[in-house]
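Data block below; observations after.
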Amino acid sequence: MSIVCLADFKAHARKQLSKSSWDFIEGAADEGITCEDNIAAFKRLRLRPRYLRDVSVVDTRTTIQGQEIQAPICISPTAFHSIAWPDGELSTARAAQEANICYVTSTYASCPLEDIVAAAPRGLRWFQLYVQSNWELNKQLIRRAEALGFKALVITVDVPVAAKRRQDIRNQLNLWEHLMRTDLRSPEERNSTRPAPTSLPNASFSWSDLSSIQSITQLPIILKGILTKEDAELAVQQNVQGIIVSNHGGRQLDEVPASIEALTEVVAAVKGRVEVYMDGGVRTGNDVLKALALGAKCIFLGRPILWGLAYKGEYGVLEVLNILKAEFHTSMALSGTYSVHCPLLSIQSFRWLAYRQRLKSFTLLNLPWFCNCPEGRTG
């Protein structure tokens with residue numbers, strides 16, 4: 001099968017993986033409404049291109065937390081990569097290093113942090129933390145990440161408890177029993193074949209506890225899972241360095257806003273005081289452009305990375321990243337955008353009379369006026 005877009009990786013992965021593994025990767029909370037809407041919401045946005053611009057050279061590079069990346073396309077923290085490819089996160093890390101983008105490693109990685117770093121020693125990596133009830137374990141994880149050269153700490157805030165995922169229940173899937181979760185073990189136990197002791201996210205973790213984490217690390221702190229202006233404002237007040245607008249891929253609370261729809265609210269609330277990123281529903285280069293147009297510094301990919309792993313390991317992940325980057329490059333050129341640093345824009349909302357006379361809401365994204373571009377490039 002010819003692979004030309006991210007949807008092709010999905011089709012291949014579905015054939016390649018066991019039913020329980022596929023259902024775990026694709027699974028959503030409850031009825032899966034938010035999961036579906038993450039993708040559909042992008043299609044309710046329309047781009048307004050500007051032509052007769054000089055786009056002979058298009059620069060996709062940007063920075064996140066002061067570190068340059070080749071494109072505003074990075075890898076979200078997702079658990080248990082070994083269900084998609086034997087060496088799991090090692091392949092993911094190598095692909096991210098080759099693509100020169102950031103890989104956020106999950107607390108629930110199926111490989112030890114030390115092995116992931118050794119596989120891609122030059123890669124830009126952040127560490128994602130599910131805050132555990134055991135505070136000593138939190139300290140150990142954070143200090144290990146610092147010592148291993150992780151450049152930021154991503155704290156997931158939208159999992160105080162586990163959601164109900166129907167397919168996992170039907171499949172009687174219990175990855176907690178079968179996968180090692182090596183990073184939750186003590187150093188002495190890391191080579192054990194016994195399952196790691198159960199350690200679930202701390203349901204009592206609150207805004208007042210953030211200072212406890214800030215007191216033990218100098219790493220920039222990014223909060224992942226913010227969807228509202230109220231929480232965005234609290235995040236700024238708590239002196240975090242970034243926000244990932246996310247609904248956990250529709251895997252936690254169902255029937256919340258699509259990530260791309262929540263993005264504008266969060267961006268407006270922070271007023272440029274912290275960097276804002278987003279994940280959820282990105283499948284094309286146009287999607288990346290739309291996210292940047294609405295104020296995201298970069299996007300993060302979740303499920304498509306696992307599809308790439310299932311396709312061809314490291315090389316499959318790299319192909320996912322390269323295809324999306326090429327699409328984004330094309331979208332930039334076709335819209336008259338030569339740099340991600342051009343101001344991306346004002347927004348107009350209106351309604352179109354759509355298929356079968358049903359009103360559907362669309363948002364127009366006005367692509368950058370060249371006279372506002374920082375270098376004054378007029379084409």
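All positions are counted from 1 along the displayed chain.
Even glycines carry a Cβ here, placed using N, Cα and C.
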Ask   = For the glyoxylate site that TrEMBL gives with His248, Arg251, which of Arg143, Arg144, Arg165, Arg166 also belongs there?
value = Arg165
Among Arg165, His248, Arg251, which are recorded as recorded positions, the nearest neighbour of Gly302 (FMN binding site) by Cα = His248
Remark   = Fewest neighbouring Cβ atoms within 10 Å among the binding-site residues Ala79, Val282 goes to Ala79
Note = Candidates Arg165, His248, Arg251 (recorded positions); nearest Cα to Gln128 (FMN binding site) turns out to be His248
Task = Looking only at C-alpha atoms, tell me how far Thr156 (FMN binding site) is from His248 (active site, proton acceptor), rounded to the nearest Å.
result = 9
Query = Just the number: how many Å between the Cα atoms of Ala79 (FMN binding site) and Arg251 (glyoxylate binding site)?
reply = 13
